[in-house]
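This report concerns only the one structure given below.
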Amino acid sequence: MGKVYYISKNIGIGLLVLGFIALATIIALSIAYDKERAKNKVKPGDGALESTSTPALPTTAFTPKEPWDRYRLPDSIIPVSYNVTLWPRLQPNAQGLYIFTGRSSVIFGCMKETDLIIIHCSKLNLTTTSSGYHVKLNSLGHAPAPTIRSTWLVVKTEYLVVLLQQKLQAGSKYELEAEFVGELADDLQGFYRSEYMQDGVKKVVATSQMQATHARKTFPCFDEPAMKAVFSVTIIHSPDTVALSNGKETDITDSLIDGVRVKVTTFEPTERMSTYVLAFIVCDFAEIQSNQNNLLIRIWAQRKAIADKQGDYALNVTGPILQFYEHYYNTTYPLSKSDQIALPDFHAGAMENWGLVTYRETALLYDPILSSTGNKERVTTVIAHELAHMWFGNLVTLQWWNDLWLNEGFASYVEYLGADYAEPTWNIKDQIILYDVQKVFAVDALASSHPLSRPEDEVNEPAQISEMFNTISYSKGAAVIRMLSEFLTEPVFAQGLSSYLNTFAFGNTVYTDLWVHLQQAVENTPGVQIPHSVDDIMNRWTLQMGFPVVTIDTRTGSITQNHFLLDPDSVVDRPSQFNYTWFVPIKWIKTGVEQQQYWLLQKTDTYHPMRVSGSDWILANTNVSGYFRVNYDLDNWNRLLSILNLNHQELSVINRAQIIDDAFNLARAKMISTTLALKTTKYLFKERDYIPWESFLRNLDYYTLMFDRTEVYGALQAYLKQQIQPLFEYFQTVTENWTRVPTIHTDQYNQINAIGIACNVGVDGCRELIKGWYRQWMDNQDHNPIHPNLKSTVYCTAIAFGGAEEWNFAWRMFKNSTLASEASRLRSAMACTKLPWLLNRYLEYTLDPTKIRKQDATSTIQYIARNVVGMPLAWNFVRSRWSFIFQHYGKGSFSFSSLINGITRRFSTEFELQELEKFKEDNQHVGFGSATLALEQAIEKTTANIKWVTENEAEVLRWFTEESA
Ligand SMILES: *[C@@H]1O[C@H](CO)[C@@H](O)[C@H](O)[C@H]1NC(C)=O
Ligand SMILES: *[C@@H]1O[C@H](CO)[C@@H](O)[C@H](O)[C@H]1NC(C)=O
Ligand SMILES: *[C@@H]1O[C@H](CO)[C@@H](O)[C@H](O)[C@H]1NC(C)=O
Ligand SMILES: *[C@@H]1O[C@H](CO)[C@@H](O)[C@H](O)[C@H]1NC(C)=O
Ligand SMILES: [Zn+2]
């Protein structure tokens, strides 16, 4: 699926800075994709925390007796083509229900003699006759069609079953027809409706989301990705709307049906494709278009958005990105048009329907005046992600959902290449380190992680399929595919890819098919050598969970790999056929000089070139091209520290970030001392680049949470002040005293970090500056002088260091705001105040739907809990009203467990542990619903935090005190 972000990158960036002041979040930074985020209906910008745990799927050992009790279709019949006619009603019927009516026929071939037709069909009311459902079977051969004995629906497995008197003949073709009525609900699945206001009038859009298993809710179909077919679509709609689908419109006719004036839009038949990338839309949107080598490119959105030029940027980058992929895949764009549409209500971030990609508004629309750079980057990367799927995923499709990681991991990797082509000055390829690699390291270092690849027979039910859309699939997938491309070299990778796509065009594959084509490309390229086959190497990364930490002892040249676990006491109970060893491609540098790639193929090895002495040093995993962490002997660590301190630019930006991130995580895992980790940050007063700073701030977040109520915090702030001040002054200069926007893309992000931290720790002039801007806005509320990039940080800072006047102004602006992203910035900033009475009042507002919309209640409480002052208030609030909140807001909802997560993140004392246990006891009778697991985890994490604080507090205090003296 397209990307789903629970929270967008730039908002994440804002939050991190805020985080230091009041909010604490690392995870919220992460870009989540597709379905994974789709589970959470909280819109991006709400700061919803994404769950970091990726629970393993339960395996069911149950074998059903009847074919219709199995979740997978039998292989006796396969579809060839469909005719689908749909008529969505954008006005409710007499019962107040929004419905659609439809008619469909499917031509299928019989592969094996059978008297059963099993086809997916869910939530549809089929037209009935006295003898059952009105379905018709025709024969397309000479033999007559068997007569239908009975038809019935199976709710659990979502089938329509047609039992025949005679058998279908192998090798023959038949046609099955049905008529049905479905509800056009607002459930964001299948064919659904979305609503918005235009000039005070409610408008309704009919749109669709088929991935993974919702096409069956729109018309009866063989709803599995390998059941590809050609679809001829006709949509009946009211004359003042347009209809869109995967193919180009071929005919639009005015007609009168049942006395109703309608338009009938017919579309060209699709290519052979999977049901999950179908799309049907009826709306009254506007569009802008361009034509590139006879390819029609259109961007659709609400009329006002198009008039405000919010679609222009998407249109500008789509052509170049498509061109890039045509070249990269060495395959022309397979369709005759490319539509992209921004929908007011959309579950995921975007969805790669073939030829008609659907997006959340924030993932496609960019307002040249009101949007931030982060908004722009999100638009570019989401488009690049979705368009990558037009070939990889849509033209060639994985056989089954168990291989989803390859589809999504691949798109999540190449989106950086596509975006880089569209915006070559952004250096966006480097950012994969922050947004995918380091992000998934955090999840995949837990004993509860799971392998990328799962056996096909373990993924059957829709819920199990949904579970595949998680961080591991997207981000670890991206990281290991990037590693593969790095060790094969980009030209070999691209060659194998192109031959894979050409071979399997319009067909289906399993992931090993890609390995075969990459292997051939290796063999066709003299000079490229790998120590084992692509298959053997990759199996170790895809079939076992986790990743290694490679320890290099530069005194002896010995190299060892171990399964990296963040908690050294955690117990891994998932066996691995490879005993948690990997084939590790190690790119490395000796004293500034790049060396030949070395492969670690055993648990330990001795490699003499890595033995160094004197002032020589080694840095391994250059540019984090491999999916692993690196540890060294203390001497080499110290030599790396001196490089950072003497001439940090001798190391790449990514490697500087990596040294920090590895060191902090190795310290958490007790492989190196906490002091050593802290020492990697000493050079930061000279650092001007975003990625190392960002890596540090994310790691510092845990320290902030653990210590912001202890004396350590004073010393920590003093240290940070000394480190951030030069960065703040640098931006003051670069922006000519805050009058210009930095020209370098990532500088714009780093400027946000600099201002947010500097104000928090009290760098001279910072708070005054921010208050001044905010004051100007308060004095003239129609003219907001704050640049969109800086709004989140400025609002939060101004409210944190202001009083009731600042807060009340923000509240007024929040209530008046017509722009969703602005409202959500304000909502989060209002949680930054340090005045308990304001925070308590704000908490009360969250239970008043006229003040805070129900869907935003839990995330608002979370924002308040991230504030060190707000945390105990939120905890008391939630505890005292648990049963009320639980009944009215949370039952079964995902955001409810993140509420528990959010509130307890700082918990690190025995007293808090007791409170948590008491809370659990006291509310057993009410229950915890989806927060049950979260509560258990909170107890476990609190226990771990207590231990970590006990072991580290004194050392951390001493270090910060000495360094800031
Ligand atoms: C779809 O309709 C067209 C035109 O009415 C017809 O030629 C074609 O055979 C139909 N296909 C199916 C699958 O019914
Ligand atoms: C389908 O039938 C059920 C039972 O008669 C009815 O409650 C429901 O409203 C129908 N749905 C539609 C969309 O007509
Ligand atoms: C789109 O491209 C045009 C022509 O190059 C340019 O003038 C315009 O500023 C671009 N729009 C956006 C939003 O980038
Ligand atoms: C591109 O495709 C053509 C044929 O489809 C093939 O001959 C050529 O080798 C491919 N180029 C690369 C770089 O893979
Ligand atoms: Zn995707």
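Each residue's number is its place along the chain shown, starting with 1.
The backbone N, Cα and C atoms fix where each Cβ goes, and this holds for glycine too.
A quick note: this is a predicted structure, and the numbers were derived from the prediction, not measured.
According to TrEMBL, His385, His389 bind Zn(2+); the candidate from Glu377, Glu408 that the record adds to this site is Glu408. With all protein chains in the displayed structure included, the most crowded Cβ environment within 10 Å among the binding-site residues His385, His389 is that of His385. Across the structure, Tyr474 (site 'Transition state stabilizer') and Glu408 (Zn(2+) binding site) place their CA atoms 5 angstrom apart. Along the domain 'ERAP1-like C-terminal' (617-942), the predicted structure has mean pLDDT 93. Cα to Cα, Glu408 (Zn(2+) binding site) and Glu386 (active site, proton acceptor) are separated by 10 Å.
All chains included, 33 other C-beta atoms sit within 10 angstroms of the C-beta of Tyr474 (site 'Transition state stabilizer'). Other Cβ atoms within 10 Å of the Cβ of Glu408 (Zn(2+) binding site), summed over all protein chains shown, number 31. Taking a Cβ cut-off of under 6 Å from any atom of ligand 5, the recorded positions Glu386, Glu408, Tyr474 reduce to Glu408.
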